[in-house]
Amino acid sequence: MKPETFYNLLAEQNLPLSNQQKEQFERYFELLVEWNEKINLTAITDKEEVYLKHFYDSIAPILQGLIPNETIKLLDIGAGAGFPSLPMKILYPELDVTIIDSLNKRINFLQLLAQELDLNGVHFYHGRAEDFAQDKNFRAQYDFVTARAVARMQVLSELTIPYLKVGGKLLALKASNAPEELLEAKNALNLLFSKVEDNLSYALPNRDPRYITVVEKKKETPNKYPRKAGMPNKRPL
């Protein structure tokens, strides 16, 4: 996808980009490729592929009407090079975005990126999702949590649901639809007082299938969740 195609597709969906936003995406691409030489951020470095499979793919929650352009608090778990939250932040500057990542080198990249792109209302923290979720400054503080290809729902739900306010939503972006994954996660979702509200399917412009599972938090999460770092993965609920 050429940058011009990206701009035109957004304009067609009533999301025209300003020159500043176009420059932000361009600089994002340049820094991604530059830093990818030093640390492993992505296997995708071809410009047209980045615009399609990182930038366009990341803004799917906006294109699907799941996220409003308001000052809402969004947490991105395991964002890696900032996907999906930072492309959404460029598109919707009002979003208040927090990223937690377990690799400090990636956090360094994100801090520089935010500075270069002149993004305000972005916060980056180095550490494990399980640890921050027990901190009252993070627990039950967010309207949305996003996760793009991070873990199976059975594990992901324990890592993310505790961060949500009651009524808040987890948006899990995936490249494959696995109904059995949601069946597996049924017990975990019950224990975490949350429920699958929707399982959206759509296609990228190149016809690659994509899915967003929407999970709503119904009640406060029991204090014992999430368990200690590593446990959700080792012994899923």
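Backbone N, Cα and C define each Cβ position, glycine as well.
From a predicted model like this one, the values you see are computed outputs, not experimental measurements.
Cβ-based neighbour count (10 Å, all protein chains) for ARG148 (S-adenosyl-L-methionine binding site) stands at 23. ARG148 (S-adenosyl-L-methionine binding site) falls within a strand when secondary structure is assigned with DSSP. Feature annotation from Swiss-Prot assigns S-adenosyl-L-methionine binding site to GLY78, PHE83, ALA129, GLU130, ARG148.
Helix, strand and coil counts from DSSP across the region 'Disordered' (218-237) read 4 helix, 0 strand, 16 coil. Marked as region 'Disordered' by Swiss-Prot: 218-237.
Classification of GLY78 (S-adenosyl-L-methionine binding site) by DSSP places it in coil, neither helical nor stranded. Under the three-state DSSP scheme, PHE83 (S-adenosyl-L-methionine binding site) falls in the coil class.
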